[in-house]
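Report on the following structure.
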Amino acid sequence: MPDWLLTLLITVVKAVAVILALLTTFAYMTLVERKLLGRFQIRVGPNRVGPMGLLQPAADAIKSIFKEDLQVTLADKLVYTLAPIIAIGMALTAFGGIPAGPEGSLFGENPWVYNLDAGVLALLALTSMGVYGIFLGGWASGSKYPMLGGLRSSAQMISYELGMGLSILGLLMLVGSTRFTDIVLWQGANGWMILFQSLGFALFLISSFAETNRTPFDLVEAEQELVAGYLTEYSAIKWALFQMAEYVNMITASALMSTLFFGGWRGPGFLNGIIPGIADIPILWLVVKIGFFLFVFIWVRATLPRLRYDQLMRFGWKLLLPLALFNTMLVAGYIAFFSSWGWWPLALLSLLGLTALLALSDTVRQLWNAPMTRRETELPPVPTRSAGGD
């Protein structure tokens, strides 16, 4: 067999394995989320299908596949059908660039589907392209509420993609590479990036909630305002594909935070002194870290209320973006003037930046609780007709 064909075959097998793992995780993430939300709200959660409700994801999948697929008369049928495929396709493709271990650690093969020189930039580009599926789905539905949800998704992505990119710019300046494997190896030699970029991590975490359209930034499908946003006119398997894309994006965002700030596949080194070799099991530690951040996503959903749309935009442009620029300037100043002092000045500067963010809590609260704009508060009253007629 030619080498190129063998390489292609191995890549296809790894891609299929990643897709199956993501879809299985998505299925049981829905169950875990409903169970945890039930605990948070002092109720039981799904417990009827199978032992302890463990077969609920299978029941949901069968229901989605065999439900009637309704379609609005005015919908653009081609785009309406392609939109969920684009959303899930971008989500699945993005995760393939996350390394699950060092080179050659997967039965002699590399534990990733692709490892580009510009891996971080490529993954951010792929995750941001998922918004095309949401916008096109809203536009092609032929209804006003999905269209509003699609427009919100575009504005939200533009606002928070800038903050997300700038929040990791300092990290990339320190490492000097955009390859995920180089970033993990750098952390193995110098310590987890969270020690030196705590402010950058806080900003990236907030941006991740907005990028994945999760509470408190789930404005694109706000039930109280837009019925279900871009999902209003979708049903059956097309609706399930959009839900699948959302959860896969959550998994990808969790893997990104684990890789960029928490050492990726590496476990805490001090554990080797307790149980020899326990910190050197690559895939195990990546899965544990991803699971932790998925719990954070669910925890925040159960805790925080949804923002208003004007609060969402104000928070992104007036607070998140300036702080991300400030963090980048801190790292640039460290590299220019203090790099010969070691890593402790950078850790101190990052901690001071995070303290400044906490010190701005009053400003954050003002942005959060700001009144609506003048135009919104001074809308003319809606004329009414008397019930008795003329």
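Residue 1 is the first one shown; counting continues down the chain.
Glycine is treated like the rest: Cβ placed from N, Cα and C.
For 4-24 (among others), the entry in Swiss-Prot reads transmembrane segment, with the evidence type sequence analysis.
Only residues 6 or more beyond the boundaries of the transmembrane segment (78-98), in the same chain, are considered here, and those with a CB under 8 A from a CB of the stretch are 14-15, 18-19, 22, 71, 112-116, 119, 122-123, 126-127, 129-130, 132-134, 136-137, 139-141, 180, 234, 238-239, 241-242, 244-245, 248-249, 251-252, 255-256, 259, 286. The transmembrane segment feature in Swiss-Prot is assigned to 78-98 (among others); the stated evidence is sequence analysis.
Counting only same-chain residues 6+ beyond the ends of the transmembrane segment (120-140), those with a CB under 8 A from a CB of the stretch are 75-76, 79-80, 82-88, 90-91, 93-94, 97-98, 146-151, 153-154, 157, 161, 164-165, 168, 172, 178-180, 183, 211, 213, 220, 229-231, 234, 242, 245, 249, 252-253, 256, 260. What Swiss-Prot records for 120-140 (among others) is transmembrane segment, and it gives sequence analysis as the kind of evidence.
Residues annotated as transmembrane segment in Swiss-Prot: 157-177 (among others).
According to Swiss-Prot, the feature transmembrane segment maps to 191-211 (among others). Residues 127-128, 156-157, 159-161, 163-164, 166-168, 170-171, 174, 183, 217, 249, 253, 256-257, 260-263, 296-297, 300, 312, 316, 320, 323-324, 326-327, 330-331, 343, 346-347, 350-351, 353-354, 357 of the same chain lie 6 or more positions beyond the ends of the transmembrane segment (191-211) yet place their CB under 8 Å from a CB of it.
The annotation transmembrane segment is assigned in Swiss-Prot to 247-266 (among others) on the grounds of sequence analysis.
What Swiss-Prot lists as transmembrane segment is 278-298 (among others).
Annotated transmembrane segment per Swiss-Prot: 315-337 (among others), in sequence order, evidence recorded as sequence analysis.
Residues or ranges marked as transmembrane segment by Swiss-Prot on the basis of sequence analysis: 341-360 (among others). Sequence-distant neighbours of the transmembrane segment (341-360) (same chain, 6+ residues past either end, Cβ-Cβ under 8 Å): 174, 190-191, 195-200, 202, 319, 323, 326-327, 330-331, 333-334.
Within its own chain, the transmembrane segment (157-177) is flanked in space by residues 120, 124, 128, 131, 183, 186, 193, 196-197, 200-201, 203-204, 206-208, 210-211, 217, 260-261, 312-313, 316-317, 320-321, 324-325, 327-328, 330-332, 335, 346, which lie at least six positions past its ends and keep a Cβ under 8 Å from the stretch.
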